[in-house]
Amino acid sequence: MIHIGVSTSFISLVFIIVHSSLSIHAHASQYIYLNQIYEACGGENWLMTAYDHCSSSSNCAENHNCCWSTSNSACDDYMVTCNSGTVVGKINLYQQGLQCPFPGQLTQFSQLRTLKMSYNPDLSGSIPSNISTLSSLSDFHLRFTGMGGSIPTSISSLSSLETLELSYSQFSGTIPPSLFAMRTIGTLDLSHNQLSGSLPNTFNEMVELETLDLSFNNLNGSIPSTLSQAKALITLDLDSNAFTGKLPNFINLTSLTSIYVSNNQLEGEITSFPINLTVIHYSRNNFFGPLPSIPPKVEHLHLEGNDFWGSLPPLPTKLQSLYIQENNFNGSLPSLPSSLEELNVSFNNFTGYLPSSLPSSLTTADFSNNFFQCPIPSSIRGFYDNLTCICPAGYYGNRSICNQCGVGEYTSQQNSPTCSSCQPGTYNDKTGQTSCFPCAPGTYTDSTGSTSCQDCPQGSYQSSSGQSQCIECPAGQYQDDSGQSSCKTCPDGYFAPTGSSKCKPCSPGTYSSTDSGECTPCSPGTNTSSYKSTTCSDCPSGTYASTSGTILCKLAPAGSYSSSGADTYTLCSLGQYQPNEGSSQCDTCPAGTFSNTTGATQCISCSAGQYSKQGASSCSLCPAGYTSNSNFTDCEACQPGTFNNEAGSTCKMCPAGTFSNTTGATQCISCSIGQYSQQGASSCSLCPASHTNNSTFTGCELCQPGTFNNESGSTCKMCPAGTFSNTTGATQCISCSIGQYSNQNASSCSLCPAGSTNNSNFTGCEACQPGTFNNETGSTCKICPAGTFGNETHLTKCFLCPAGSHSSEGSESCQVCPEGTFSETGAANCTPCSSGKFSNTTGRSSCLPCPAGSYSLSGSSECKPCPSRTYSNSTGSSFCPWCPLGTFGNQTGLKSCFPCAAGSYSNETGSSTCMQCPPSTYSSSQASSCIFCEAGTYSDSYGASVCKPCSPGSFSSEGSQQCQKCPSGTYNNKNGSPTCSPCPVNMTSLSGATQCTACPSSLCSYNGTSCVKCIQQTVPLPCPEGQYSSTGYAPCSICSGATFTNHTKSTFCYNSPPGTYPVLNHSTYASCPSMGFFLKPFQGEYAFCGADTQSIVVIVVICVAACVILIGLGYILWRYVIRKHLQSKSQIENDNTDNARNVSQTNQSQLSSSYGDSKDISSTAWKPSSSTKPDNSNVQSRATHQLATNSSQPTIISSLSLASPKYSAEQDITDIPPPTKLALYQGSFGNQRPAVIRNVATPSSSQSYSHDNSQLVFRFGDRHFRYNPMTDDLE
């Protein structure tokens, strides 16, 4: 019911307003509209002085359509012009100080052709969409106002529109594309707003367009190509936007005189300019390449902050300002036109000399940071006193004054502070030279700073130029003159050592050929006895020369001879001799003599038992059994009974015990065993049994103990092993007993020693076999126990197995422990190596600890290298831990992980590589994270170990990738500065300035960016921190998005560094909180902070907790609300029926009485004690007893039982009967007592919970609520 009443009232109000407006519109004249504008926009405060040239008397009459009776009505004719005297055709409210929204009444002047409302900063609102009703409008001016909003599309319906000027206002949004297809527009100025979006490619339809100014907006995209088809275009200004791509070719726009495209993101090469240009502003883009020819009419050329290269073309004769700083121009500076007033060529690569004089009109000039050569002309030095220049090669100086290098000096580099001395081998006899001259061949100089070269002395030469020393003439050559480039050759028979000035003759015994460094001695076997010999002669036969350099040959001595050319004499051979000196041959020795040495001078006779033939070198021995004859020329045989047992000896008698029974015997035959003989015998006699011959066979003797002989003529034989004989003359031997043994020829038996036992035939003791031992005599061999071995026979004990081996019982040898195990001495088994140790060879007595950089498990035969990303810095490791933070491991087997190099980091353990720090950050060695560059520094590449300080003229905020140039009007003369300082009063600077320049005395500074003519004006209000404008002064805009500015007079805002967000109204920034993602939905200032791991974890935890809470609340709702509600539903319906019956029985008088004494009734209805809960049924019956109603009128009673019960805080609310629960709402209405209205005539809207056509409605003050028993709540 409330909603219906409000809606009806609102519709009625709207109807009245619309009806009134239509009535006014229908009857008001244009005069009334003008006066409505006058009243609404503070006409009494308008600045009529703006029309100081209007007439002194007014032509306006009262109610004249073109008048509004201003305070200076004489100006009305100028401010409003009528067509045909009655219809308003022009309204001019220029600079009147309007203080109102854009008047809607202006759209009523359908014949209006001109509307000028510029320079009214307090004119607000937006352009109405019904602006199209001004169908005759041709000139529309809203420059420098406070208006904003979007430009309506309907403005393009103004078919007569020729001029649209909306600059220096607050318009935003995209420009209607249809605006750029209007064929009538000649001037379109939308500059200095907040417009965005791209431009349509429809400029070919704007055939009348002469001026297009869209500067200082947020437009982007490429510049449409059809703009080059706007043939009538004169001025094009697209400054300070975000246009990208290449600039269209405007060569065919012959009417174009001014083009402004500075401070965009345009790129590409500029190949030509329109021929009639007078102003070119291409600054602060990405243009590159050589600059084309400059049109001859150009007066202002601004190209700073690009990448133009090559030489600068000739300058036009009318050029007034030239700004080409911060490019890559090179070569010489062209001549400057006399009209030039402003010049900046700094930060290029210009060379050559500065002009000797400057144009007289020049007021600003900057030649700095180039490569101009010294000297600096005095006119420029006085104009720009801190300019430096470059000294050319051949000069030295201090970047302002250059001096010529002296003799013996040079410099090949420009701008050298000193000259270099000529190096050895060069000289310089002139001043101002860029290099030194090399010494000519045959000359030299060995010192620095030489002014001349010296001749090489005799005995030396120099064939090359530029040498610091001469070369000695080689052996065999000489030089008897000085200053020569070569040496002369010595003739045959002469020689010259190294460095000779003349040749010397060879001495006797030597000779030489051409080009000899020394004379050659005659070789052995030759000689020469004269000087200057060229060859040597052979020595004659019988002489010789044994050494080199022989002058006379020597005679061969006696016992030798020599042939022609002999280098030594030859001794006579064996069997020859020579008794004389100087012989050419030797003689042969006769038979019976010999010569057994070389060089014999005579022969020797043979001895007895020898003989020789002619020429013998020795006498031959007569063979055994023979001797020599009397003349020693032959041999004869020995007779029986004699012998000769050696060659060259005589025959001798056989000794006793031997005999010789033939001639020519070489030896006597010994008598056989058991026989004997006398000296000279030819045969032997037999010995009897039990006897044998004596040792000399000269007689017989008894057999000794241990021997026997059982026959005559035989020898005594030794008792065989295992037997013995203990008497002389025995004829047989006795056997040994068990446990004994005997050797051959034994006279008794012996016991077997320890380590052995007797064999089966008692001939000896056999050793205990390997694997057994015996430690006592006469005993058996026992088996070696485990852990020992017997690898030999005859052992009296077993050996312990050495460390590194083991054995089982009865082993002949120990087995080597395999790899991965070890053992100690005497071990029966091998033990596996423990973790962290290894054994890589067999037979180890202990395991070795794994070296650092490796690990092993139990029983390992080798250590495994630590996998990549892990390390081990100690020996004996059983595992390899992960590489810690700030390190990495990209190899296996590391003893320690490699620290991350400066400029990189690793933020996880177990890293295999380090990540490079991104731009705007840096790190030191072994870093686990990167650090943002401090304010005043920057990092423009990956992997920076330090941040570079910003150079003078630039600044940066924290976390910058690059430094930003100081904006115009500010400066910075320090390295690493976080901010730029504004220029002092009456000083200016360009972008990137390191200092400010004072304006000339006749000029004043405009915002610190330029010098202008001084005028009296109010001081502009600078933009505070956090705000900006295109000029740095009001009106200002608050930085938006993730941007900020921390100084006043800002012309732009900076981007907040990564990981930060703007704070303090965008005047600075702060680091994002670690819970940035989690707080983002609740805190708007964190909108630019990204999520982090901690935030995600927190969100997940919160979601899980929320699910648990919801499940618990659902259970509680079911357990304590829904189920009880269902249980009491039937009781609720019964109560409603009783209430209806009781109400119908109550009369009107009772109702009035109850209404008048509600306090008593209430107190009667409720009298509970603090400890006793009242009976709900009794309470309800008392309440319903007071109700009264009839079938046609609503009945009102007092609150009765609806008063808030005192015990409500001690019992469950759900236990209160539905009607009494209404009391809980009393506190929400200022403790007003609710009233119950019973209206049976009102249709019920709750049939789902009421069985009759009535319902309960309650009132709290002037508000009505309906009770819903299904929900036990008010609606």
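The backbone N, Cα and C atoms fix where each Cβ goes, glycine too.
Per TrEMBL, the feature signal peptide maps to 1-28.
Helix, strand and coil counts under DSSP for the domain 'Tyrosine-protein kinase ephrin type A/B receptor-like' (411-456) come to 0 helix, 10 strand, 36 coil. According to TrEMBL, the feature domain 'Tyrosine-protein kinase ephrin type A/B receptor-like' maps to 411-456 (among others).
Distant neighbours of the domain 'Tyrosine-protein kinase ephrin type A/B receptor-like' (459-493): 423-426, 438-446, 499-503, 505-506, 511-518, 532-534; these residues of the same chain sit at least 6 beyond its ends, with a Cβ under 8 Å from one of its Cβ atoms. For 459-493 (among others), the entry in TrEMBL reads domain 'Tyrosine-protein kinase ephrin type A/B receptor-like'.
Within the chain carrying the domain 'Tyrosine-protein kinase ephrin type A/B receptor-like' (559-601), a Cβ under 8 angstroms from the stretch's Cβ atoms is held by residues 523-526, 538-546, 611-619, 631-633, all 6 or more beyond its ends. What TrEMBL records for 559-601 (among others) is domain 'Tyrosine-protein kinase ephrin type A/B receptor-like'.
Annotation comment: TrEMBL describes 625-666 (among others) as domain 'Tyrosine-protein kinase ephrin type A/B receptor-like'. Panel annotation: around the domain 'Tyrosine-protein kinase ephrin type A/B receptor-like' (625-666), residues 591-592, 605-612, 619, 676-684, 693, 696-698 of the same chain, lying at least six beyond its termini, place a Cβ under 8 Å from a Cβ of the stretch.
According to TrEMBL, the domain 'Tyrosine-protein kinase ephrin type A/B receptor-like' annotation covers 820-855 (among others). Away from its own ends, the domain 'Tyrosine-protein kinase ephrin type A/B receptor-like' (820-855) comes close to residues 786-788, 800-808, 861-866, 871-880, 893-895 of its chain (Cβ-Cβ under 8 Å, at least six residues beyond either end).
Positions annotated as domain 'Tyrosine-protein kinase ephrin type A/B receptor-like' by TrEMBL: 886-928 (among others). Counting residues 6+ beyond its ends, the domain 'Tyrosine-protein kinase ephrin type A/B receptor-like' (886-928) has Cβ neighbours under 8 Å at 852-854, 865-873, 938-947, 959-961, 1057-1058 in the same chain.
In the domain 'Tyrosine-protein kinase ephrin type A/B receptor-like' (953-999), the DSSP tally of helix, strand and coil residues is 0 helix, 12 strand, 35 coil. Per TrEMBL, domain 'Tyrosine-protein kinase ephrin type A/B receptor-like' is recorded for 953-999 (among others).
Summarising the annotation, TrEMBL assigns transmembrane segment to 1096-1118.
The feature region 'Disordered' is assigned by TrEMBL to 1136-1192.
Residues annotated as compositional bias 'Polar residues' in TrEMBL: 1136-1151 (among others).
Residues annotated as compositional bias 'Polar residues' in TrEMBL: 1164-1192 (among others).
Confidence for the domain 'Tyrosine-protein kinase ephrin type A/B receptor-like' (625-666), expressed as mean pLDDT, is 87.
Residue counts of the domain 'Tyrosine-protein kinase ephrin type A/B receptor-like' (625-666) by helix, strand and coil are 0 helix, 12 strand, 30 coil (DSSP-based). Under DSSP, residues within the domain 'Tyrosine-protein kinase ephrin type A/B receptor-like' (886-928) fall into helix, strand and coil as 0 helix, 11 strand, 32 coil. Break the domain 'Tyrosine-protein kinase ephrin type A/B receptor-like' (820-855) down by DSSP state and the numbers are 0 helix, 10 strand, 26 coil. Secondary structure by DSSP for the domain 'Tyrosine-protein kinase ephrin type A/B receptor-like' (459-493): 0 helix, 8 strand, 27 coil.
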